[in-house]
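Student: If you scroll down you'll find the structure; I have some questions about it.
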Amino acid sequence: MASRPSASAGRLWRLPLLNAALAATYVLLAWVATRSDPSNAILWPSSAIAVFGVWVLGFTAAPGILLGAYIANAEVIGWPAQTALLIAVGNTASVSFAWWVLRRIRQPWRGLQDTGDTLAFILTLGLLGPAISASVGVISSLLAAPPRLHDIGMLGPIWLISDACSVLVYAPMLVLWWERRHERLPRPTAEFVILPLIALVGVVVLAFSPPARQALPLGLASLALLPLLWGAMRLSMRLASLFMAVLFTLALVGAALGLGPMMVLPIDERASVLQLLGISLACTVLLASSLAQERSLALRQLREANAGLERAVERRTKAMVKSQRKLQEQLRFQDSLLGALPNPTAYSAANGRLELVNQAFTRLMERSRDALLGRRPAEVFEDSLLHTWTSMDRQLHVERRPLSQECRQVSSDGEATVWIVNKAQVTDPASQEPLGIVTSLQDITQLKRLQEQLERDERGLRFLVEESPVPLVITRVHDSVQLFANRAADELFRADHTGRSGKLLRDLWVEPAQRRSVVEQVLREGVVRGLETQFLRYDGSPVWLLLSVTHTQYRGDEALVFAFKDITPTKEREHTLRALAYTDPLTGVANRRSFLARAAAALQEAKIQGKPLAVLALDIDHFKQINDVYGHPTGDRALRSFSQVCQQLARDDALLGRLGGDEFAIVLPRSDDGAAYDFAQRLRLAVQENATAEHAPLRLQLTTSIGIAHHPCEHLTECGLDDLLARADQALYRAKQRGRNRVELWTGHDHPGAA
């Protein structure tokens, strides 16, 4: 549970840190791009960082883009603060709006996965976003002329081309390497190493060649498309985008240094031509790489489909061969199995004639195999077996399900036997037409005799159990439904068969957890003996029982057998003796020994938990005079009335006890001086109003004096219960001195040594 707040705090700090890093990168790239000329940057790579930010962080990247754009325009380029803010808002809104449009037209957005995704990226983040940013920038620039900017008419196209080139060249590389950072790079081969190096050397030579007056180097620059197309078709999309970004960056650096083929163009057209060339190359490479990616995916899926078909054909062929072999084995096994079956078994065709019989069947019929095959039942069987055989055949043709039926026969030696006749229909798997009937016979004569003997024994045992003086109950294990209860159990639980029908024995346990523990122990050990527990009778009255439980089977169900003995009188005597040991017999509250033990435990708990605790000492005012004048019976009635008022007003966690005579004490856990004083005042008023002592014809109204001491103690390093009781008694003594019927707190001046 403690890790969740820390995880939430980590996520809360992560977003501001990422936005700060995004803003810092935005400003750094703006500073690099404008290092030579702040008013005429060849490229604006910060736009690519903005696209990367919304791609990775979504709309939550807007604060970082806005902050970075504002600082870059105000501090790096030098726009006035108001104009820089408007341009920053335009930069942020344009990329956010383009991202929103991209997510709307490509749902669900999966990244640069196919040609449609790539084309949507080019049109939205590559062109729509820069167009909006350029429009807002031109409008904002009309508010204040930037420093060292003389031709504001070309600002819009220059802005658009610069942003679009930056986004299309660098943003895909950043995004693809971020999204696919966990993918392994392909193993380098000669082709993938030599050709990129040749292209890299060629671009370096061309980009950093001295300026020429002829247009030949400019024409040679178009040859850079060839290695880029090769990379798009042969390399993965992230490697192709990296290859394109590296080559374009080399050309860009050469142009910035005044070298390369772009120098043959007019000075005001060089940057735009280079940027347009970068846009066209980027679009070409991205679309070609997407097409190659789709082609690779289609080829991979085709190969997987072909491999799957080959595996399916191979599996089918193996299955057919295996099926044929298995069929032959089954035919051989059928003959051997039929002959090895111990029970008499026969197979009759649809016309009723016997076609297969085993040796046990021939022995039962006392005929040879040849004398049975091809015969109808009427030619083979006699009496009851013939009737059972033919009637079951007719029933089987109608119901088409396996049948079993008993049949009594008289053997050749005159002994009566009992057989089970089992029949099942054999059908064609394709047409479901009946082919024949399989019949097996089983001699259950001994089983029937044992069953009859078991029924006789069960009747005798049931009589003994029902008439037993020991209460016995049998319940099902899984749901505790009562399966049986004898008369003694009905008398014990005060119910009859109708009253307990469908009742659950577990509902009668006072402590369900104890029942679960007993059931687990019985299932584990087999028996539990001599357990004392409390049950409820069906009329709701409690009863204490000594029970023994064993695990058994009862009529097919897993069951528990409970044997009970009523020990309620013994428990009541124990309760009475325990009450006499811990309770004051006159008032019903805790006696001195019980109170002191419980109070010491409460004080120890308060010390451990660091909680306050208060002790009240109280007695009845003028109690000695009541005893002397009206007699001890009236004094006893006064004590009972006083204790009843105290019990009614005491909190649930309060401890009340009689220390002797009319001296009582109350412990209030988690109570400071104020709470204890308020309680004592309420108790004093309650005694004054409700506590009386009857002495006909008089009704004596009682009052009480109360002294309070509290923990933590003052002036004592170790404060025990005796110290608290002594201080409370001193406060009580002061209440007596000040007129009785009052509450006093121990303040330290009650101490014998105090001034």
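The backbone N, Cα and C atoms fix where each Cβ goes, glycine too.
Not measured: the values here are computed from a predicted model.
The feature domain 'PAC' is assigned by TrEMBL to 403-456, 529-579. Residues annotated as domain 'GGDEF' in TrEMBL: 611-748. Here TrEMBL flags 12-34, 46-72, 84-102, 122-145, 157-178, 190-209, 215-232, 239-260, 272-292 as transmembrane segment.
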Student: Looking only at the domain 'PAC' (529-579), what is the model's average confidence as pLDDT?
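Tutor: That stretch averages a pLDDT of 84.
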Student: Could you name the stretch, out of 46-72, 122-145, 157-178, 239-260, 272-292, with the greatest number of CB pairs under 8 A to the transmembrane segment (84-102)?
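Tutor: Stretch with maximum Cβ contacts: 122-145.
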Student: Before we move on, state whether the transmembrane segment (46-72) and the transmembrane segment (157-178) share at least 3 Cβ pairs under 8 Å, counting only pairs 6 or more apart in sequence.
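Tutor: Yes, these stretches are in contact.
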Student: Which residues of the chain, 6 or more past the ends of the transmembrane segment (272-292), have a CB below 8 A from one of its CBs?
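Tutor: Cβ under 8 Å, 6 or more out: 42-43, 112, 114-115, 117-119, 121-122, 126, 157-158, 161-162, 164-165, 168-169, 172, 221, 224-225, 228-229, 231-235, 237, 240-241, 244, 248, 251-252, 255, 262, 265.
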Student: What same-chain residues lie close to the transmembrane segment (122-145): Cβ under 8 Å, and 6 or more beyond its ends?
Tutor: 47, 51, 79-80, 82-83, 86-87, 89-91, 93-95, 97-99, 101-102, 105, 152, 155-157, 159-160, 162-164, 167-168, 171, 282-283, 286-287
